[in-house]
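The annotation transmembrane segment is assigned in TrEMBL to 12-34, 46-67, 73-91, 103-119, 151-168, 180-197, 490-509. The feature domain 'CN hydrolase' is assigned by TrEMBL to 212-476.
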Amino acid sequence: MRIGLALGAGVLWGLCCLYTSLAPFLPLAFLLALQGLRQVETARQAAWFGLLFGCVRYAVGSNFLLALGDIDLLGYAFYPLAISYYLPFAVLESWGALRLERLLGIPRVAAFGILYTALEPVRSLGDLSFPTDLLAQAFGVWPQWLALSPWAGPYGLTFIVLLCAVLLDQAWSQRRTPRGLLALAAAIMTWSLPVIVDQVTVSPPSQDARTFHVAVLQPVTGVQEKMDRASRPATWKTLEKMTLQASEALEKPNLIVWPESSRPDPITWKGQGPFRDDRMHRLARQAGAPILYGTVIARVVDGRLKALYNGAALAFPDDRPAQWYGKQQLLPVAEKVPFRQLFGLDPYASNQSMERKSILPMLGRFLEGPEPTLFLVDGLSFGVLICYEGMYPELSRAYRKKGANAVVILTNDAWWGDSEFVQWHAQKVSFISRSLEIPVIRAANNGISSLTDHRGRRLVATDLNERTTVHIQVTPGSSVPTFYARTGNIGLFGLLAVCCAVFPVMNRIRGNRQSSSRSAR
């Protein structure tokens, strides 16, 4: 029976996270898991239960990774690699729940909820991190359930989901008693709380009421076109034409945005002088507007390649120096070799060509940028996240702490074709905007480019594989950071600590009452 429950829980969890319209059913997925966990008797059974639940949920939830195999056979390796990264956490959730029950007296269903919530932030740390499974990310089309994020952060929703599942488990286990009805009522109230808060709260107004006009280019540069050096002149021509047309349409917009690594040629930054990009500076001057663009930046010193960044740069139409940003969180294997510092690996020890014909032309050779860069354009202060960086809550929070009133995400999802990944990835920005109460501009090479407001609502979105320029009006976020932006996860972990302290006391009180009842008889 517990095997069937693990399978059912895993399938439902995977479907809820992959097809985000199903996200409100996540408590039911965890209910099945908790019912199965109740039938576990030994630590070994608990470990195997967690392993099975983890395998199924991630096999279903991340099957879009198989789309990479259509471009390069090496792409198939990412599917089992991603699943294997999550499995130790899945085992620890179930095995640890049983151990906490036996050591501290915390009921295993409650211990499972505590461990699952506590381990979510851990999965966003380290060289192997790939946090595509944060529950808050699944609610992109249901931003009302993110209403508590300004106080509890994105992981606060995970706590709500697990708390609701624990209450449903109690309601089912005691369904023929008044306590079961009370638990069911509490579960309904818990799950309704974020929606109610969404209806009654009013976000603080922006201190700067000015609206900024932004043009986002969606050039739809194909994968093979991008890797073919002979196609670069035509790509340049397309981007330059779209940029000038965008400038004319908005009569000098405040900002023009290109997607991730959209600049056809890498920038070669020679010597120790300041960063500059003469070609983009000339284009910005011609357009009469700053241009934010994704680019590969090659740092060359004394004729040798010293650093390679998957970056972004801002070119101004006047004499202001260009700004640049190097991606902080690199994708394991594809962009960096994990733990290379530990093993003393130097990706630039040999003079390798940058013109490889592969889906991974820079395999393991990128370096992290030195620091998050805060870009400032006419009062719009924003940070840039590149591709998967949008899945890391701490990166966007770091920008908010530095004074950002908006976030721009640059990405290129053309690698994924028409798979579910494109829609899935595009919907994962709402948790950023809601927890920090700032707008998020998303520029995607082949779509979906969008504007999400400070309440997590998508206001504008393009179609997939449509070459277009989307013109948006951006109202910056408030100058007052949210409680989560200021304090991080302190409140959440404090709440989990209280739960760890309260449950053993409650069990002890319940045990004393039962002993007294037996003595009275």
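Cβ from N, Cα, C; glycine included.
Only sequence-distant pairs (6 or more apart) were considered; of these, at least three Cβ pairs between the transmembrane segment (12-34) and the transmembrane segment (103-119) are under 8 A, so the stretches are in contact. With Cβ pairs under 8 Å as the measure, the transmembrane segment (103-119) is packed most heavily against 151-168, out of 46-67, 73-91, 151-168.
Counting only same-chain residues 6+ beyond the ends of the transmembrane segment (73-91), those with a CB under 8 A from a CB of the stretch are 47, 50-51, 53-55, 57-59, 62-63, 65-67, 119, 122-123, 128, 130, 132-133, 333-334, 358-360.
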